[in-house]
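Q: Sharing the feature lines straight out of TrEMBL:
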- G20, G22, K23, T24, T25, R116: ATP binding site (BINDING)
- 1-21: region 'Disordered' (REGION)
- 40-63: region 'NMPbind' (REGION)
- 115-125: region 'LID' (REGION)
Amino acid sequence: MSSATSRRQKPNILIAGTPGTGKTTISKQLEEMTQFNHIEVGEFAKKNNLLESWDAKYNCHIIDEDKVVDKLEQVVPAGGYIIDYHGCDFFPERWFDAVFVLKTDNTILYDRLLARGYDEAKIRENVECEIFQEIVCEAQDSYREDVVMELQNDSLKDIESNVNHIRQWIDSWTGVKK
Ligand code: ADP
Ligand code: MN
């Protein structure tokens, strides 16, 4: 473990997953409970003018990954951050003590993206992303095995249990590190 990691008083967690799996919903609840800083990376990039172009695949802005990482590097290593983004391969591995990848049943995800107003093609692309577990694979390729945890997020009950699970993970990390 690097000295930078051992100095961190609070952990950093990454909430990843296909668009619509519930990252922002869960991150916001965790932010309220823990007083950690929630950063929705897409919004953060937009506010700070760190965008490159429009991502036709995910129907969102393409962020300038290097600029986003440079900007976040000023604050995130100190700890206490909940980073919320669908992708996860461009962040420095050392930032995160845990990477939670949310997963949602295909039919449920389809309905959520329809409700969000995505067109048929975008819905299909995102549902395929989920079927092929692209974000899970990306996380497994980018972070140590013991850091990556998958959480099923289909129902309202799942929100509660996933939030509790992550909060308990934070509590035990903090307890161990104190
Ligand atoms: P993401 O940030 O991953 O794109 P959101 O948190 O914005 O996803 O959630 C997408 C939509 O699905 C929202 O309308 C949200 O209220 C709903 N949602 C998220 N998680 C659940 C769940 N476990 N059960 C039911 N609805 C959910
Ligand atoms: Mn979101």
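Backbone N, Cα and C define each Cβ position, glycine as well.
Just so it is clear, the model here is predicted, and its values are computed rather than measured.
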Q: Looking only at K23, R116, which of these binding-site residues has the biggest number of Cβ atoms within 10 Å around its Cβ?
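A: Buried the deepest by this measure is K23.
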Q: Enumerate the residues of the same chain, G20, G22, K23, T24, T25, R116 excluded, that satisfy the criterion Cβ within 8 A of the mean position of the Cβ atoms of the recorded ATP site; list them in sequence order.
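A: Those within range, site residues removed, are P19, T21, I26, R112.
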Q: For T24 (ATP binding site), what residues in its own chain, 6 or more apart in sequence, show a Cβ-Cβ distance under 8 Å?
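A: In sequence order, the residues whose Cβ lies under 8 Å from that of T24 (ATP binding site) (at least 6 apart) are E40, D84.
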Q: Anything from the binding-site residues G20, G22, K23, T24, T25, R116 with its Cβ under 6 A from ligand 2? List those in sequence order.
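A: By the Cβ criterion, which requires under 6 Å to ligand 2, the hits are K23, T24.
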Q: Can you break down the region 'LID' (115-125) into helix, strand and coil residue counts using DSSP?
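A: DSSP classes over the region 'LID' (115-125) add up to 7 helix, 0 strand, 4 coil.
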Q: Could you check what DSSP calls G20 (ATP binding site) once collapsed to helix, strand or coil?
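A: Where G20 (ATP binding site) sits, the three-state DSSP reduction gives coil.
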Q: Among the binding-site residues listed here, G20, G22, which has the most company in the form of other Cβ atoms within 10 Å of its Cβ?
A: G20
Q: Could you put numbers on the helix, strand and coil content of the region 'NMPbind' (40-63), residue by residue per DSSP?
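A: Its residues fall into 7 helix, 10 strand, 7 coil.
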Q: Just how spread out is the ATP site if you go by the largest Cα to Cα distance in Å among G20, G22, K23, T24, T25, R116?
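A: For the residues that bind ATP, the greatest Cα distance is 14 Å.
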